[in-house]
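**Student:** Take this structure first; my questions come after.
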Amino acid sequence: MFDNEEGQGPKSTFTTYMAEGDQLFQRGEYVKAVESFTTALTLQPDDKNCLVSRSRCYVKLGDAENALKDAESSLKDNKNYFKGLYQKAEALYTMGDFEFALVYYHRGHKLRPELQEFRLGIQKAQEAIDNSVGSPSSVKLVNKGDLSFFHNGVHPQNLNPSNKKESKKHSKKTDKGEKTAKQLLGELYSDREYLKKLLQDEDLVKCKIRSGERVQDLIVGSISYLDTRMAFWQQQKPIYARQRDRKLMQQQWSKVLHKPPSDPTRYVLSSLEEIDTALSAGYTESGLNKARELMKVVKDWSEDALPNKNEVLGNLHSYIGNALMDLGNMDRALHHHEKDLELAKKCDLTDSKSRALDNIGRVYARIGKFQQAIEVWEKKLPLACGGLEKAWLFHEIGRCYLELKRYMEARDYGSRSLMAADDISDEKWQLNASVLMAQAELKLSNYKASVLHFERALERAKLLQDDSASEAIQKALCEARLRVTQ
């Protein structure tokens, strides 16, 4: 659609280029979509919808700065243009400026409260703020806890048993609060801990300085001051900390691209951990981009520099494949998981082979190719380790057979899944396997057997306090009982 001759502009209409860009975006071809929207903007430079559409592409490509520029341009004439507000929030979120993103999600929600996108944006931005340095709700920055013992003249050792139980109950929250305190106070954290230890010196706290002030009052005042500053930093640090960390990460990446680190193995392990953390936390595109960048770096290294190079590349293909699967790009996901399998076979890596077969089967099952999923997962069976993996694998193969209307095979694999779950006393997989067997027996017209399995499944659902599962099983059980009486 573009003319190659120099000096000639676009050959088609604005609407055509917009439609082309939308189609390319839907197909995940974001670079080409940017080109189409850019050409459209040469025809209508201030079109708000086109600017927002190109901004969406930039977000997908990880180019948050250009995404933000386009979003702000779309708001130039109308500050309340809700699509522009949403896109500006998305761009800020991608940049890691979660507080400002939250502001624009709220503005959009106020204008268009019926749109789910703004509600979800508020939720994810708030969660990101909490996760960046710890949830504010997990740290109560008031003079309670340790300090209250001294104000009340009670030493921590004199707690009654009920208070000790309460303390244990909240120990996890306290640990998280201390971790947050370390992050916020930095070097001052050790000073705060030292002051708290001084308070436990009964002789010292009774002393007075020349001005007549008690040492205890001075120490408590100092700790209170640090807690007050921590409350302030709890709100302020996320933005500048992320900006600093982002610049540091960019510097590290640029160094890597020009000069290999002195210890490639340690660098790779650290990077893989970052990728895993990002993907586990739901930051799929961020984790995907990191994995792709690391893959570029690792491919340029020799096996002398990184002896387990192929194993690392296999891990990266696996991460990228899982991220693409989460993003709905099944074809590319399958490609990367097959690359992982290829490397695992080449290097005779049993665990990696098992992982790749697992993921390839999941892709096939997600796109409805149940026979292919079965064939792949059956190759994984000899590699399955432990009862939990076997319970899951037998169940998934059985589910595929159920989808293919091969009910006897579905029942048999359900039985194998239940046996594996019984071996490890896993109630969740006992529940899943019982439901699978009940469904298969129902389809085979073995109604009494179906009722029996549904009843067992219902018992386990109640034990697990899974209300939604209990409700669904109860309905299926009623249907099966009705069939018995007919």
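Cβ atoms are placed via backbone N, Cα and C, with glycine included.
Straight out of Swiss-Prot:
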- 14-47: repeat 'TPR 1' (REPEAT)
- 49-81: repeat 'TPR 2' (REPEAT)
- 82-115: repeat 'TPR 3' (REPEAT)
- 153-180: region 'Disordered' (REGION)
- 314-347: repeat 'TPR 4' (REPEAT)
- 354-387: repeat 'TPR 5' (REPEAT)
- 391-424: repeat 'TPR 6' (REPEAT)
- 431-464: repeat 'TPR 7' (REPEAT)
**Student:** Which sequence positions outside the repeat 'TPR 5' (354-387), separated from its termini by at least 6 residues, show Cβ-Cβ distances below 8 Å to it?
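**Tutor:** Distal contacts: 314, 318, 321-322, 325, 330, 333-334, 337-338, 340-341, 344, 393, 396-397, 399-401, 403-404, 420-421, 423-424, 426.
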**Student:** Six or more residues beyond either end and a Cβ under 8 Å away: which residues meet both conditions relative to the repeat 'TPR 1' (14-47)?
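**Tutor:** Distant Cβ neighbours of the repeat 'TPR 1' (14-47) are 1-2, 53-54, 56-58, 60-61, 73, 76-77, 327, 329, 332.
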**Student:** Any residues 6+ beyond the ends of the repeat 'TPR 7' (431-464) with a Cβ under 8 Å from its own?
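**Tutor:** Sequence-remote neighbours of the repeat 'TPR 7' (431-464) are 391, 394-395, 398-399, 402, 405, 407-408, 410-411, 413-415, 417-418, 421, 470, 473-474, 476-477, 479-481, 483-484.
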**Student:** Determine which residues of the chain contact the repeat 'TPR 4' (314-347) at the Cβ level, with the cut-off under 8 Å and only residues 6 or more beyond its ends counted.
**Tutor:** 28, 272, 275-276, 279, 284-285, 287-288, 291-292, 294-295, 298, 353, 355-357, 359-360, 362-364, 366-367
**Student:** Across the repeat 'TPR 7' (431-464), what is the average pLDDT of the model, as a whole number?
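**Tutor:** Value for the repeat 'TPR 7' (431-464), mean pLDDT as a whole number: 92.
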